[in-house]
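*Asks:* Pulled from Swiss-Prot, these are the listed features:
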- Glu463: active site (ACT_SITE)
- Gly239, Pro240, Pro241, Gly242, Thr243, Gly244, Lys245, Thr246: ATP binding site (BINDING)
- 91-100: compositional bias 'Basic and acidic residues' (COMPBIAS)
- 1-24: topological domain 'Cytoplasmic' (TOPO_DOM)
- 46-142: topological domain 'Periplasmic' (TOPO_DOM)
- 164-706: topological domain 'Cytoplasmic' (TOPO_DOM)
Amino acid sequence: MAKNSLKPSNPYNSEPETPQPRPKLPMIYYVVVIALLIGLQLAFFWSGSSREIPYSTFRTFITENKVESVRIAPEKIYVTLKPGVDSGLPKQEEGNDTTRKLLPGAKTPENEVTVNPVRDESLTALLETHGVRYEGSPGTTWISELIQWVLPFALLFGLYFFIFRRMGAGGPGAQFMNIGKNKAALYENLDEHTRITFKDVAGLDEAKAEVMEVVDFLKDPKKYTRLGGKLPKGVLLVGPPGTGKTLLAKAVAGEADVPFFSISGSDFVEMFVGVGAARVRDLFRQAKEKAPCIIFIDEIDAVGRSRGKGAMMGGNDERENTLNQLLVEMDGFATDKGVILMAATNRPDVLDPALLRPGRFDRQIMVDKPDLKGRMDTFRVHTKNMSLSPDVNLKALASQTPGFAGAEIANAANEAALLASRRNKESIEMKDFEDAIERVVAGLEKKNKVINPKEKRIVAYHEAGHAIVSWMMPENDPVQKISIVPRGMSALGYTMNIPLEDRYLMTKRELFARICGLLGGRIAEESVFGEISTGAQNDLEKITGIAYNMVMVYGMSDKIGNLSYYESNNPYYGAPGVEKKFGGETARLIDEEVKAIVESAADTVRTMLKEHRSKLEALARELLTKEMLQYCQIEEILGKRPGGQEEDSGEVDCSKKSAENGMVAHEPETTADAESTEKVGLSATELAELEAAAERLRQSRNVSDN
């Protein structure tokens, strides 16, 4: 999330200048050398495997004057026949010159044969009688035999020893030899200009304060131990993806004056049994040698999953061995003081309970998505090195990015810089940031995607329906922008609602209004064209989810009552899950209640669009002409929002310059009335409509009861 990076230090190097490492030969060179040695060894074996004939045939060849020369050795008689003489042995396959040069014994000439010697004192006389040239050859000594057999193996073992020495020094194959050693990177004595500090972490004030206390404990332990306090053994960072858990750990590495070991949870798991536990032991051994220090395990759920879940039947899960060793190292008989374990995960629900108990992870710090102030601080951090135009309003950008995590804000800021560079601007303007946010939220704009006029008209009325319902119901968030320009994978248009403030609670009326806003597109198509299309698929999915949550999770149904079927141990952190704890009759009742809520919302939307049909037509025509409308342009067509508060507080700038730039600068207040979630201003018409909807809902329930 920041441009700074951490560089592992080498604590074993005390020289002022780092020596240049020796060049490492590729592993293929060693393979070639081994192959050559094996070839030489085979040559020794093949050198003695010449063509052999019986001794009687040898004497016959002498008497028939077919022998040219003879070399007599103690172990063999080597005979050279005259050219053209057939030895009676089968022909050999032809070899090439390279083979004969590399392996001279691989192929014996056709006129050379061997004979096993026998005790024959008349052999020399027979050779002299027939004029055969002969000579003696001394036999091989035991030393030469020893060299012939031992030297190749000595060369092989020497090469083997050399390669494994290279492996131990970090050469080729070192990973195989060091498979039981941990892969943690050590950060120590980091450079002032490259390290990440707590100043680079924004929007995480509470989490940062908790972690800073741990760092301060390591720097000045007496400050805390004087009253009997103990050093915490573990800190678990929990939060959705992209919120800055790893960045917070990098800041700890940059701020702490103690060694910092960093490793990923997946680095403990290998294909070999016992490697994970060995790496855990080696990691804590090194950490204890450098205590006090910090160990950071990123994505600890890769190794810390609950035991017994996901294990193969009939086998021992390697992850369990690794986890058991981790539990022992964190709080077992052989634990030492001075080693703090930090870990990060976005799946705390799958972690083993023994890992989460106090004494191992004493603190669980929630790293959540930033609020309005946190988003503004995060924008400030990620734009501090950018050239910004004076019209850039970071507070307005923060208000336009509700629910953004730190990584998404960093991505939006980077996209804005790229857009400004693509447009050849000298600085990044507010328009660039708004386009970048829109690109992150809705996807890449597809200007070249051709839509036929009929479908374009359907999309225009669909988005206009969303906008009018959201605009006329003050419980909904204000409509910031409407577009019928295709974006992303499949979106043909979208309506962007921007909340005026961060909300943590929603009332039943607000959820009902949100369902109405989502139904606005489908009902508008039905009212104008007399038929519906597939464009409302995503809207219907959201409507179904909200309605079922109202009935099953939040207890907002009179028939179901104050019951919740919420399942906290869901497989995906942060997403509500539902576990079936009811029978078929209750399931039927739930479905009826959900359908009643959605049908009541649909009737409310039909009445509203019928009342504002002229505004629907005007908004759709303007969309077909301009393809994109901002807040001020929408306000010109639909008028002031009923019960809206942003106009009264001066939070919307509808000046001519702002309208020309196509942007609206929302600057919502960070404080809100404590009762704002319960009391919402309603017009008489809206109140009557909601009361009528409630009456229809009650009537439908009475009918179902009967």
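Even glycines carry a Cβ here, placed using N, Cα and C.
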*Asks:* Quick one: pull the CA-CA distance for Pro241 (ATP binding site) versus Glu463 (active site), whole Å only.
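*Replies:* Computed Cα spacing between Pro241 (ATP binding site) and Glu463 (active site) is 31 Å.
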*Asks:* Which one of these binding-site residues has the most other Cβ atoms within 10 Å of its own Cβ: Thr243, Thr246?
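*Replies:* Compared across Thr243, Thr246, the most Cβ atoms within 10 Å surround Thr243.
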*Asks:* Is it possible to get the count of other C-beta atoms within 10 angstroms of the C-beta of Gly242 (ATP binding site)?
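*Replies:* For Gly242 (ATP binding site), the count of other Cβ atoms within 10 Å is 19.
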*Asks:* For the binding-site residues listed here (Gly239, Pro240, Pro241, Gly244), tell me which residue's CB has the most neighbouring CB atoms inside 10 Å.
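*Replies:* The most densely surrounded of these binding-site residues is Gly244.
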*Asks:* Specify the secondary structure state of Glu463 (active site) as given by DSSP, simplified to three classes.
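*Replies:* SS state of Glu463 (active site) = helix.
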*Asks:* Between Gly239 (ATP binding site) and Glu463 (active site), how far is it from one CA atom to the other, in Å?
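*Replies:* Counting only the Cα atoms, the answer is 34 Å.
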*Asks:* When a 10 Å sphere is centred on the Cβ of Lys245 (ATP binding site), how many other Cβ atoms does it contain?
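*Replies:* Result for Lys245 (ATP binding site): 26 other Cβ atoms within 10 Å.
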*Asks:* What mean pLDDT score does the topological domain 'Periplasmic' (46-142) have in the model?
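*Replies:* A mean pLDDT of 74 is what the predicted model shows over the topological domain 'Periplasmic' (46-142).
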*Asks:* Cα-Cα, whole number of Å: Lys245 (ATP binding site) versus Glu463 (active site)?
*Replies:* 38
*Asks:* I need the CA-to-CA distance for Gly244 (ATP binding site) versus the residue listed as 'active site', whole Å please.
*Replies:* 35
